[in-house]
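Below: one structure, written as C-alpha cells.
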Amino acid sequence: MKILISNDDGYLAPGLIALADALAPIADIVVVAPDSNRSGSSNSLTLDRPLSVYQASNGFYFINGTPSDCVHIALTGIMSFRPDLIVSGINQGQNMGDDTLYSGTVAAATEGHLFGIPAIAFSQLEKGWAELKSAARVARDIVERRFETLPENFLLNVNIPNLPYEQLKPAVATRLGRRHQSEAVIKAQDPHGRDIYWIGPSGGQKDAGEGTDFHATAQGHVSITPLQIDLTQNAQLAALKKVLA
C-alpha cells in the first residue's frame with residue numbers, strides 16, 4: 001500500500017510524526033505537510049504567490065502553504081506514483097460537527113478525495129498530545145481494515161478520545177453533530193493603541209444526541225463519520241424550483 005500523509009499542525013507536529021511512525025511498517029509513505037501550524041485554514045489554496053517545497057532530514061516534505069496546497073502539490077508535483085490512500089493528522093484537538101467546515105485536517109483529506117483517492121482524517125479530542133501512541137495505534141487499525149464494503153473513493157472523519165488504547169470502546173459509525181454559534185470575538189489593543197480582534201472560541205454542543213460524533217466520543221468510542229462534498233440542501237431543492245417556476 002502507498003500512502004500520502006499530511007496535516008494542518010505542521011511538519012514538526014508530534015501527531016504527524018506518530019502517524020507516520022505507525023503507518024511506515026505497513027505501507028510506503030510520503031509525508032507532505034505545512035511548514036507551520038495552519039489550523040482553521042479549511043480548504044483554502046494559495047493563489048496569490050508561488051509556493052516552495054523543502055525536505056527535512058527525516059525525509060518529510062514541507063511547504064509554505066495550506067494543507068490543501070500540500071496535498072495538491074504532492075499529487076501533481078512531487079509524487080511519482082498515485083497513492084492508494086491519503087491520511088491526515090493526527091490533529092491536536094477534535095474535528096467534530098461544524099468543526100469539519102473549518103478544519104485544515106479534514107481539508108487535507110478532502111483535497112485527496114477530490115482527486116478520486118480514498119482519504120481519512122484523524123483527530124484527538126483534547127489538545128496536548130496525551131495518549132498519542134494510543135491514537136496512532138487506532139489510526140493504524142483503521143487503515144488496515146481497508147473498508148472494502150465502502151465506495152471506492154470514501155472520505156472518513158475519525159475522532160479519537162484521549163484514552164489508553166485498552167480503555168477505548170469500539171469504533172462506531174456516526175453522523176456529524178452541531179454546535180451553537182461561535183462565541184464573540186475578543187477585542188484588545190496592540191502596543192500602538194489600535195484595536196485588534198481575536199476570533200472567539202467555538203460554540204458549545206447543540207446537537208449531540210445519540211448517533212452523533214459528539215455522543216460517541218463522550219462515551220469513549222472512536223467516532224468514524226463518512227463525509228461528502230455535495231453541499232446541496234436537497235430538502236429545499238424542490239421548493240426552490242417551485243419558487244423559480
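First residue shown is number 1, and so on along the chain.
Cβ coordinates are placed from backbone N, Cα and C, and glycine is handled just like the others.
Here Swiss-Prot has D8, D9, N91 binding divalent metal cation, and the candidate from S36, S39, S68, S80 in that same listed site is S39. Comparing Cβ neighbour counts within 10 Å across the binding-site residues S39, N91, the minimum falls on S39. Compared over the binding-site residues D8, D9, the count of CB atoms lying within 10 A of a residue's CB peaks at D8. Under the three-state DSSP scheme, N91 (divalent metal cation binding site) falls in the strand class.
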